[in-house]
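Record features, source TrEMBL:
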- 106-119: motif 'Cysteine switch' (MOTIF)
- Cys108, His243, His247, His253, Met261: Zn(2+) 2 binding site (BINDING)
- 127-291: domain 'Peptidase metallopeptidase' (DOMAIN)
- Asp180, Asp216: Ca(2+) 2 binding site (BINDING)
- His190, Asp192, His205, His218: Zn(2+) 1 binding site (BINDING)
- Asp220, Glu223: Ca(2+) 3 binding site (BINDING)
- Glu244: active site (ACT_SITE)
- 293-331: region 'Disordered' (REGION)
- 298-312: compositional bias 'Pro residues' (COMPBIAS)
Amino acid sequence: GSGAMGPGPPPPAPRAPPPAQLMLLLLLLALEARGGCAAPAPRAEDLSLGVEWLSRFGYLPRSDPTTGQLQTQEELSKAITAMQQFGGLEATGVLDEATLALMKTPRCSLPDLPATAAVRQRRQAPTPTKWNKRNLSWRGCDVPSDSALGRDTVRLMYYALKFWSDIAPLNFHEAGSAADIQIDFSRADHDDGYPLSTFPAHRAHAFLPCDHSRGDAHFDDDEPHCPRPPDAHGMDLFAVAVHEFGHAIGLSHVGAAQSIMRPYYQGPVGDPLRYGLPYEDRVRVWQLYGVRESVSPTGPPEPDSPPPLPDPPDNRSSAPHPRWSPHRCTS
């Protein structure tokens, strides 16, 4: 029955959801409003991974946990569009199936856009950096001796470097101690700000000549890299190494589908002894170092313009990431 009890204390105020949940709620509501029945809204876990991916690779500044300031729907949509354009996808501005699939593709763990990028013209890539010398030493450290690669590992590293020095006036020589390019096989988070073996399958990275760890290349020791010819289940270590050594001599990511410097793993490239660098990659390294005397710079006509490097994100709501703070050149 009805008792004589008073109204009692007011219920406690509901706790505000954390910024990540607020961001996802904002995006879900916006997508629902925009999408209607045209396409199903992405799952919450896909949205979470998408936002993390866009932040990790430079398309979206991180939310500031100290102020609770979040990205707007316009910023999120702009970041998704930039990623789609750079990845060669239809620019829908929403996390559709094709976009999520590309986000889950194995790739290099360096950002496509430096987190500290200054204002940059839309069609202009980051100002290149290069070594101020032509004789560079390299050393393989912590090369796995018990993997399927065995003693082929150092040989593959040699050939991956040689393809760059064959076309540009660079000379690589193996060193037994400190070297310009240090090659390591590492596992997971190895304290350089770019963890391996994490979503979305980061396989390797190397640092540009202007970085604090300039020229160093790190490969995922947990990944089943394979010698030539690679099998159906392993990564082609040679293809990954050619890409990473491109970073080590100063090349950044590009969106061109045929470039070895595209950030996504594109499968085996075939026999290292018969591999040829795509013409666009040759031109880019020639712009840095010139042409080796024994090489003719002629080649096929320049391909269609690759997808433009998108504008760096507006950093008004970003906060420095405590772990992702290696110095990266922006000039």
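Keep in mind that glycine also has a Cβ here, set from the backbone N, Cα and C atoms.
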Reduced DSSP assignment, His253 (Zn(2+) 2 binding site): coil
Binding-site residues near His218 (Zn(2+) 1 binding site) (Cα-Cα within 10 Å), from Asp180, His243, Met261: none
For Asp216 (Ca(2+) 2 binding site): DSSP state (helix, strand, coil): coil
Candidate recorded positions Asp180, Asp216, Glu244, pick with smallest Cα gap to Cys108 (Zn(2+) 2 binding site): Glu244
Local Cβ density at Asp180 (Ca(2+) 2 binding site) - other Cβ atoms counted within 10 Å: 19
Cβ-centroid neighbourhood (8 Å) of the Zn(2+) 2 site, Cys108, His243, His247, His253, Met261 excluded: Leu110, Ala206, Glu244, Gly246, Leu251, Ser252, Ile260, Arg262, Pro263
Cα distance (Å, whole number) from Glu244 (active site) to Asp180 (Ca(2+) 2 binding site): 14
Assigned element (helix, strand, coil) containing His243 (Zn(2+) 2 binding site), judged by DSSP: helix
The residue listed as 'active site': tally of other CB atoms within 10 A of its CB: 25
